[in-house]
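Participant: Below is one structure. I have some questions about it.
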Amino acid sequence: MARCCQGLGAAAPAPAADLPSSSSGATRPAHLVRLLRAAGDDRLLSQGRRIHARIVSLGLEEELGNHLLRLYLKCESLGDVEEVFSRLEVRDEASWTTIITAYTEHGQAKRAIGMFHRMQQEGVRCDAVTFLAVLKACARLGDLSQGRSIHAWIVESGLKGKSVLANLLLHIYGSCGCVASAMLLFEKMERDLVSWNAAIAANAQSGDLGIALELFQRMQLEGVRPARITLVIALTVCATIRQAQAIHFIVRESGLEQTLVVSTALASAYARLGHLYQAKEVFDRAAERDVVSWNAMLGAYAQHGHMSEAALLFARMLHEGISPSKVTLVNASTGCSSLRFGRMIHGCALEKGLDRDIVLGNALLDMYTRCGSPEEARHLFKRIPCNAVSWNTMIAGSSQKGQMKRAVELFQRMQLEGMAPVRATYLNLLEAVASNPEEARAMAEGRKLHSRIVSCGYASEPAIGTAVVKMYASCGAIDEAAASFQRGAMEDRHDVVSWNAIISSLSQHGHGKRALGFFRRMDLHGVAPNQITCVAVLDACAGAAALTEGEIVHDHLRHSGMESNLFVATALASMYGRCGSLESAREIFEKVAVERDVVIFNAMIAAYSQNGLAGEALKLFWRMQQEGSRPDEQSFVSVLSACSHGGLADEGWEIFRSMRQSYGIAPSEDHYACAVDVLGRAGWLADAEELIRCMDVKPTVLVWKTLLGACRKYRDVDRGRLANSMVRELDPGDESAYVVLSNILAGAGKWDEAAEVRTEMESRGLRKEAGKSWIEIKSRVHEFVAGDRSHPRSEEIYRELERLHAEIREIGYVPDTRLVLRKVDEAEKERLLCQHSERLAIALGVMSSSTDTVRVMKNLRVCEDCHNATKFISKIVNKEIVVRDTHRFHHFVDGSCSCGDYW
């Protein structure tokens with residue numbers, strides 16, 4: 001007996017002195033089996049081992065081996081199961097099934113599958129219970145290939161009709177992501193409630209939410225009543241409020257609305273879809289609530305920014321005696337924008353001893369950063385065991401506050417402490433540089449970061465590449481932005497977000513033509529534009545005055561159904577207005593079906609202002625308020641600009657005064673500059689100077705340059721000198737201050753002083769920006785400077801110009817030679833005037849244009865003589881001539897200009 005019991009399990013069977021003696025008849029096998037079953041059912045391992053010892057002493061271990069295996073399986077003693085199994089000389093399907101089950105239940109799925117293969121090698125036939133045991137092992141392991149091979153054995157054994165096996169196979173296929181195989185099996189099998197749940201769950205887990213909901217509806221049509229778990233899965237996958245309400249109706253009809261798991265899933269579904277009122281109703285009506293229910297509701301409020309409701313609910317939870325879990329505190333921290341509430345959460349974490357938990361600590365770090373309390377964030381950062389998320393949170397906080405230097409210092413410390421930067425680290429640092437382009441070391445830090453990103457292998461990632469493009473563009477390094485876009489990844493690997501980044505960056509920094517070039521390349525690579533792309537391209541079209549390109553984009557938006565979107569409609573109206581196509585802008589504005597917001601009103605007011613319709617701009621300004629949109633800062637910039645360019649000095653001054661009094665808006669630098677322009681253009685230079693001296697903020701270059709421009713118009717030498725000195729003091733490198741003062745002095749006949757100003761300008765290495773004009777004909781842009789003879793059709797252009805000048809002289813045009821600020825004779829002055837760049841462009845346009853409109857762009861303000869000449873030209877050629885200069889559009893039609901000769 002001692003030899004037989006030598007290797008038994010974790011402990012040898014105890015002496016059997018308390019068992020009935022053999023003479024009592026209690027040693028019959030049937031009686032021993034009953035004793036084993038009773039010990040197993042009650043999980044009495046010690047008693048089972050004593051019975052086992054008696055069985056060994058009676059020499060019945062082989063006969064009762066399977067009963068012993070089942071005893072130890074029930075008592076969860078894997079060692080005893082292995083020991084008994086190893087000593088059995090004959091192992092049948094029950095023996096193998098028991099040990100496979102034991103391994104599976106003890107988390108040793110690989111050994112369970114290994115035993116199944118040994119069983120096959122030994123030729124032991126499997127029954128349904130064996131297959132069930134090994135399939136559970138496959139499910140725990142997530143081993144699809146093993147599941148498929150066992151599925152084949154089941155089919156071969158003729159057991160494929162067993163619903164319990166089919167359901168488990170369905171679960172394996174679904175959990176391994178092989179939904180196609182799961183659904184193929186599902187359609188062929190005899191289905192019960194478990195089958196439907198498995199199929200719905202498989203599709204839900206793989207993201208096929210629509211199919212999951214279709215199956216949920218189909219099961220009911222086939223007369224299968226959904227169980228709790230079915231309803232929970234359906235609520236998890238519903239994507240619309242109508243679907244959630246329909247499932248809620250079924251829940252109510254099933255009488256399961258008050259069950260804990262269903263009510264929690266129902267509240268979570270409403271919350272996820274943004275219907276917090278219904279979620280709160282379900283939550284409040286629930287018969288019972290556990291910490292999971294509270295967590296779901298708290299998380300919903302936090303994620304949707306309802307922090308006051310979250311704080312009240314959190315307080316109510318504590319009042320009702322529900323102890324918050326770590327998940328509760330993390331949920332409450334997520335999205336928390338109230339510092340007071342955040343501190344309450346932190347206090348609970350301290351009370352529960354969770355203050356050093358890394359997950360909760362990171363959530364609290366993020367909360368303090370978001371709530372604008374960097375000191376508390378730094379204090380917490382020093383106390384928690386930091387990981388990469390902690391460092392990234394601190395770097396992100398510095399980036400969002402525009403603290404580039406602090407972000408870089410944290411990055412350096414992170415590396416010194418042996419923490420490897422991750423993708424999010426570089427994204428945060430690039431944002432920090434991009435938000436501080438004026439900082440001395442911004443460009444240098446950006447280049448260093450880019451170099452490190454390339455060496456780490458992150459450069460090819462679209463998100464990183466996009467951030468690099470934005471960083472360079474923000475720092476004004478447009479060529480590097482474009483180069484990094486092309487180097488970061490092959491162009492055919494860029495997604496729409498990457499293309500949007502480069503197009504937007506180029507457009508925002510005044511490189512409209514290059515932005516349009518990238519847009520064309522995007523189309524060649526087969527990347528479909530979205531709303532953001534189209535808005536960026538429309539902005540680029542406006543910047544480059546590329547009306548034809550803008551109309552092509554508009555056509556795409558019309559056919560894609562995006563034209564009616566308010567965001568897109570605003571961009572369209574702005575593009576047409578800035579390209580001088582006012583009727584198209586007005587048509588877009590009036591077609592907007594939804595309620596117009598202040599942004600689209602601003603776009604249309606600016607369009608009227610830029611195209612010389614000051615009266616229309618004012619009407620729209622008042623109409624905007626009648627329709628319920630309150631003017632913002634940009635509204636006042638646009639309407640004041642309209643008043644200044646339209647000669648509405650009294651109206652403009654009254655609107656400026658009303659900003660603070662009636663609208664509570666403090667004037668900014670732009671508003672003061674507009675107001676100075678209003679007064680200056682009207683000739684009220686003393687009032688303009690007085691306004692500057694009374695400004696709430698220190699006058700900037702823009703304000704003094706505006707006054708300087710007015711002094712040129714009215715030849716106010718003394719004020720011109722004052723404004724010039726202020727501009728030069730604030731921005732010594734601004735060449736326009738020298739040019740305008742020189743023109744003022746020359747216009748007043750002070751030639752020597754004018755020459756001195758020009759000489760000083762040249763000695764400082766400053767050069768006047770050359771006047772340029774360009775015109776687009778058949779998708780080709782033609783550019784001119786004054787006296788330009790580089791164009792291939794130069795001879796034709798000058799002949800046409802001579803013809804036009806001869807004809808306009810006949811109907812009354814007289815050159816204003818006073819505008820030529822050089823000491824030359826009258827004939828030379830006339831020659832110089834008629835060769836200005838805009839006239840060369842207009843001559844080419846008249847020669848080449850088959851349409852009724854000639855469109856010309858100029859990089860400087862149109863001079864008075866060119867303005868007068870163009871009026872006459874429009875009359876003799878019977879075409880509308882649209883000239884866009886730096887300030888506005890001039891629409892010349894039949895001898896008149898839209899600006900009313902006031903610009």
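In case you wondered, yes, glycine gets a Cβ from its N, Cα and C as well.
According to TrEMBL:
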- 92-126: repeat 'PPR' (REPEAT)
- 127-161: repeat 'PPR' (REPEAT)
- 192-226: repeat 'PPR' (REPEAT)
- 290-324: repeat 'PPR' (REPEAT)
- 387-421: repeat 'PPR' (REPEAT)
- 495-529: repeat 'PPR' (REPEAT)
- 597-631: repeat 'PPR' (REPEAT)
- 632-662: repeat 'PPR' (REPEAT)
- 734-768: repeat 'PPR' (REPEAT)
- 812-903: domain 'DYW' (DOMAIN)
Participant: What residues in the same chain, six or more past the boundaries of the repeat 'PPR' (495-529), come closer than 8 Å to it by Cβ-Cβ distance?
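Facilitator: Those are 462-463, 465-466, 469-470, 472-474, 476, 478, 481-482, 485, 489, 536-537, 539-544, 546, 549, 556, 781, in sequence order.
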Participant: Using DSSP, tally how many residues of the repeat 'PPR' (632-662) sit in helix, strand and coil.
Facilitator: 28 helix, 0 strand, 3 coil
Participant: By DSSP, what is the split of the repeat 'PPR' (92-126) into helix, strand and coil residues?
Facilitator: 26 helix, 0 strand, 9 coil
Participant: Check the repeat 'PPR' (127-161) for me and report the mean pLDDT.
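Facilitator: Within the repeat 'PPR' (127-161), the model's average pLDDT equals 69.
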Participant: Run through the repeat 'PPR' (192-226) and tell me, per DSSP, how many residues are helix, strand and coil.
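Facilitator: For that range the per-state counts are 26 helix, 0 strand, 9 coil.
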